[in-house]
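**Q** Sending over a structure as structure tokens; questions will come in a sec.
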Amino acid sequence: MNDEIIKEIKQLKEDKNAIILAHNYQPKEIQEIADFIGDSLELCLKAADVDDVDIIVFCGVNFMAETAAIICPDKKVLLPDNRANCQMADMISLEELKAAKEAHPECEVVLYVNSRAETKSEADIICTSANAAKVVESLNSDNFIFAPDHNLGVYSAKLTGKDAIIVPEDGHCYVHTIFKPEDVQKARSEYPDAKIVVHPECPEDVKELADYVESTGGMVRLAKDPDIKQLVVGTEIDLTTRLKRENPDKEFIPLRKDAFCLTMKLVTLEKIRDSLADEKYVVEVDEEIASKARVGIERMLNLSK
Ligand code: 13P
Ligand code: SF4
């Protein structure tokens, strides 16, 4: 059954000159058919770099597909399931961000890429979990407004020694805030030889107990380190799927088995086939919003070159 659908996807990709990009949290069967898998930054860089395709099928959540649509206005960006939302991205509204800017006109605005296109249009610069500290370092101001992930805001302020005004106060990812210091302590006693890596969206007290704090792309690179044979992984469950596939001789242990992003799993092989066949669901960003949002995204991408 899957073989037949995969054949159809390959044919449709060829007929329509399309490419499939997938986030690291996508399930195994999607990772296997993707042309490129990555973290949010790597996916942005890839989208900015693909000149010779007409369609990008984005297997991830809507803010990622919107970012690709903003960077590639000449391409059709498709989201196989238009309900694939990131809860965190909706935690900051345009009004709230504008109010913070008015209250702190001296601050530049760093917006986490996990946000909607219209809020991005009010940002000075975008960041991802892979480059937040580098982005904050690059600012001209000592204080900055950060939205919407509280934990990443606190962490980037701590790494750079700058002060963050974080809006809203409780912006978070429901997947990463389930991790507790006890989970790290338990993993340490159960796997004394293992290293422990967690995502920056985890709470500060969890990050403090881990050996490494990395974006999902950073975790993929860390797993390839020859000194690491056993790694406890504090992020969404399917990151270990990629790590195991790429490093079959090593052991990867999820820090919690219930760290599951529901909307990341809405994409299926059938939906990718239908998405390509019917060219749905097209991700459209109003050009006025997109042109403003592009400024902050490009400023970030220039730092990564
Ligand atoms: P990465 O950019 O590290 O892949 O993170 C994206 C994300 O949504 C984490 O929950
Ligand atoms: Fe959003 Fe959290 Fe899912 Fe990442 S894991 S896409 S931040 S809800």
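Backbone N, Cα and C define each Cβ position, glycine as well.
Per TrEMBL, the feature iminosuccinate binding site maps to His23, Ser40, Tyr112, Val113, Asn114, Ser129, His199, Pro200, Glu201, Thr216. For Cys86, Cys173, Cys261, the entry in TrEMBL reads [4Fe-4S] cluster binding site.
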**Q** Got a sec? Which of Tyr112, His199, Cys261, the binding-site residues, have CB under 6 Å of any ligand 2 atom?
**A** Cys261
**Q** Determine, for the [4Fe-4S] cluster site, the additional residues of the same chain whose CB lies within 8 Å of the mean position of the CB atoms of Cys86, Cys173, Cys261; present them in sequence order.
**A** Val61, Gln87, Met88, Asn114, Tyr174, Val175, His176, Glu236, Thr263, Met264
**Q** Near ligand 1, which of the binding-site residues Tyr112, Cys173, Cys261 are found, taking a Cβ distance under 6 A to any of its atoms?
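**A** Near ligand 1, sequence order: Cys173.
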**Q** Measuring Cα to Cα, tell me the gap between Cys86 ([4Fe-4S] cluster binding site) and His199 (iminosuccinate binding site) in whole angstrom.
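**A** About 16 Å separates the two Cα atoms.
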**Q** Round to a whole number and give the Cα-to-Cα distance in Å for the pair His199 (iminosuccinate binding site) and Cys261 ([4Fe-4S] cluster binding site).
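**A** About 14 Å separate the Cα atoms of these two residues.
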**Q** Distance between Glu201 (iminosuccinate binding site) and Cys173 ([4Fe-4S] cluster binding site) at the Cα atoms, whole Å?
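**A** Roughly 7 Å, rounded to the nearest whole number.
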**Q** Per DSSP, to which secondary structure element type does Tyr112 (iminosuccinate binding site) belong, with helix, strand and coil as the options?
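**A** Note: Tyr112 (iminosuccinate binding site) is in a strand by DSSP.
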**Q** Grab the iminosuccinate binding residues from the record (His23, Ser40, Tyr112, Val113, Asn114, Ser129, His199, Pro200, Glu201, Thr216) and give me their largest CA-CA distance in Å.
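**A** Taking every pair of listed residues, the largest Cα separation comes to 17 Å.
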